């Protein structure tokens, strides 16, 4: 099967034209005319994952490998180092980023992973009524995402309505209409701002909130690939972060 | 004493002209002609801290209250909400940000707080030889900064040479010449990049690595203020983040 | 009554979305949730006017107090000095600028103040047939606007068709389809250009041509405010300009 | 004599390289190799002035004819209409604008025309001690510039120190260190700002404050031109503004 | 007849609004109110052509005389030198550039000059099936355009489908869907790129491929002008390039 | 030998810091730590040349492979297609472009290839006195560069002083102080402009004028490489252009 055919199927599920201007979703590395047999799905690429992939295959990631356009290919950065291996093994790369955020991923994580009762969803933000104590809600979230130490900003003891943006969503804080905001990669100044606005924050982390892309996309394309004699493989890259806990490790 | 005089003394310690173009260090709120008796020092402002300050005083913070210029003053964001209280209580605000990062803060944290043996320092980056196991080094850092759960990216079992940037320094990763980088506010894509470059990361957090601004500046200006009959008060704003740990809280 | 309700009523009269990109009409200072009892209307703010206003009130001006976004609030410029008083007295500020220019103000001044027979109006320009001698037309305009010394550029002895833009409209000269243009703040180079184009100019001044905003808006919202138990007050700021005339004063 | 030689002499008096980036001083129309016999000097060009000039001559103006670069030459604007006549009569044009503002014009007007006791001069601003009543000072200025009705903003009854910028200088208000500022083309918002800053303004008008360029340059180059058998002619364009005064005309 | 009337007729044939943003089609020099009797048509202007034109006439060119806006009119460049003569002889200039490229010129050259069997045409690109040997196709093209030495990049021995853009079209290479591309002004790096893409190139030159504008426009407007008692004259400027051939000249 | 060592030697010959801002000279593909044995030198890369190179080697070209930064690596353009082969064969690429233009190439071509008597050289332009008939000078140039059909614009029968810029230098026409300009890639509008300026042009073509980079660099680095046991190989990519001549081929 040609990459063009797989690309067209993905486009029918979640149109690439929906992506933001600054995004780079689509066929990032490789040629539409290439024939592939194996299709890997992963939130991202890393060296270990790539070393285990078969040559002449296709990998579909959530995040595009190339964000800042490349003027030098010196194998010293994330993009250029992995680009080399992709080319050496003739592996093609399609990324589905802000398009699938809008059409599937945010809602899937809210409903199927976090078990929230979603009420409505805007482009990147999903909303749910919660009505629970803040501490209890933290406990639930930490269990569902398997996060041992949950970082948060607490503005009140009760959570009434939450807003959810998987990945790194703090740039949307001024649009949030909720008393608690779940998103990842929350920085210090973001926290100071939210605290003053009176909006509680729970950091659901970038990797932990988006690694579900893999199972989600698998469920969306498995049948189609099978029918076309292609094997789909769920193969997430590793979370780059580890944690040293003085209580546990000390 | 007039604010102009205090400003000039601060400028002699750490020239405001050293700040970056995008920075907003200097007299952010208030007038040079104002007379003050009390001087507070804090990494930042928050509502509780401000409510405890006396009227007609001066506060010196590390981070400027205003970063993005204001077109609307609607009391709904960090900057505009606290600006209102500053004006209502006639409290003036001077910020010393990238100028003191360069002249004092980074080196002070490396040497006096983390106990590192600094070898050399560039504009924002300080370097030290370590030669320790990565795990042991993490243990030390977590103790010295009082961080219960330390986030890290581990690329090798030994740490030979560390680079240090207090606050949020990941934009400098391509200049770092060390096998381990200590900085705060490390995001997921930063971690993926560093891992591929083979540079270990230890997240020393923004607040925990820079709240030492307060004691540092106090020690630099206390005598001068006393001589001029002014009271200097160390009065840090609170860390906006709390942590829920399944082991501890669960 | 909440400011949000008053804002919505103003928006129904003259939608804030009609404003130009560079404009800053809307709620410039204050919060939508604030309750107010008194509403002042003025072309602009000045210190005397503000000192006479009651605390916790709302003022609606034609020109936004903030045009260039603020990075420093040092009480040394028009915007920051008056912003301080607004905050100290908890007075909110809504501005209706280019939106009401388009929907009401220009036509109102043309018809009700200058007594012109308006034929058609584009976005910011209103047209009228005149057919009078230039000198006589000047006499009428000076009377109606109460301008003792009228500045003009005379290209012919007759005025056939006039174009009107209140405020400062010389940037629109190339669109004007008339033999005489009435607008304010006419600069020397503007006059040289118009003279070469053969378009006469009469300087109706910025303040004198737009202070009518106050009575206009009063007439538009008085009933609504009364019904809601609010007092509307016409309270123009002063014209900053005075004139020394060698004939009169000398 | 070739235009290049005259240009070089002017450049030795007031280097063209001193001009601002946005300025267009220098040889604006014509060729350096052209031979000329007659040299006219004027603050600006207008149609009447041009119609009286001899063919194949040179005119030196203060303001450059072309400011915004031309994409269409349709003879419907100041620049393109006069450009046509210049070319038809083969008249060349040199402009000396911000370079001579800095080197001669501002100081000349301050000292020789206004009779001020200049203390020091920055790039575009000259300063003088005055110590007079504001009203009396207005009277003097109006006499010296022959302005019948003088527009002003009065912030206090006494004038201690004045700053002077001929032409249109209000963009420099934040640099002015004086209690009274003399400049031309003062707009309404400029006046509101100055009033709040407590800086009085006297509008010395653009034409009235800069038409002295003609006599100044004449005195600077007359001898040199004579020696080279060239005739220099003072020939100001007309002030485009006239005034209708209800007292005088009504 | 007024230029405005001729302009309107041209606009009805090929709307000026179709031009690209960077283009300068329309009335480039002259006034809409001018009366003319003679209309010249030419791909461009040059000094010889202009010297032969009658005064008070109109010339319609393909390329606008002014591309980069003019800040100085020093008669030392193509635009300013010819502008002088246009003004001295009171000749007006209308240019029809990217608008007529889109509506007529490209298709006319493809069909009537090159004798191609056009299949479909996009904005600037026309396509035709060819099915000939590359060498033979070159022979035909060189005959039809009267080009003695034809420059080409040959990627295969057969030509199946050609794309045509008259003038300088290499910036469109990535949109071309053909195995051979005919356009002019092909530069070295363009050739390297096309060769790697496997797209053959034949350089049909800028002048040789677009000088047909003259006969084309003549046929489109002759009747209309005649009816209005105007004379239309085909009067191409000369090709600036000549060729020295070692075989012929050596 | 490491690429870093070769890079440093090249930098000592012609500092990479001399390059223009828009240029991309330096190590474009590969890592400084790579060990190489063979060094190829070529004006550019093409597929045939690359297919003949040994793996794990280094190639030094005049033109950087990457000009516009890459967001997609789809193997459909010159840059991305050849980048793939470079990576697959582990061949590194250093480019020396505007730096060597300035320090060596332009002067070398003027003196050693064209046999001109260079008088002086500015950054990119070299000058020589010629004093010959234009036709005879064309004959010489065509022989020395081996160009069968030479394209030119002839403004006078004699050539007195020539300016030379190898590659594509027409953007510098306004700085040229000579009656004849030698450069490559001359486009139609360039020719129209030069003709009006009275400057003759001879198109020495991009490839034909710069392929001498190869022999030049070879002579500069051969000894150094030999001493370090490296083989240097002159291996120019092919000229992409061919020519069909009706006289010769017809």
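Placed from the backbone N, Cα and C atoms, the Cβ positions cover glycine too.
Per TrEMBL, the features are:
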BINDING   C:62, C:63, C:101, C:206, C:210  divalent metal cation binding site
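Positions of the features from TrEMBL, shown on the structure.
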{"residue": "C:62", "record": "divalent metal cation binding site", "DSSP (3 states)": "coil"}
{"residue": "C:101", "record": "divalent metal cation binding site", "DSSP (3 states)": "helix"}
{"residue": "C:206", "record": "divalent metal cation binding site", "DSSP (3 states)": "helix"}
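For the divalent metal cation site, the Cβ centre of C:62, C:63, C:101, C:206, C:210 serves as reference, and the other residues of the chain with Cβ at most 8 Å from it are C:43, C:44, C:97, C:105, C:166, C:167, C:213. Of the listed binding-site residues, namely C:62, C:63, C:206, the sparsest Cβ surroundings within 10 Å are found at C:63. Counting only residues at least six positions away in the same chain, the Cβ atoms of C:43, C:62, C:105, C:109, C:166, C:167, C:184 sit under 8 Å from the Cβ of residue C:210 (divalent metal cation binding site). For chain D, the nearby binding-site residues by a Cβ gap under 8 A, listed in sequence order, are C:206, drawn from C:62, C:101, C:206.
Of all Cβ atoms in the shown protein chains, 26 besides its own fall within 10 Å of the Cβ of residue C:101 (divalent metal cation binding site).
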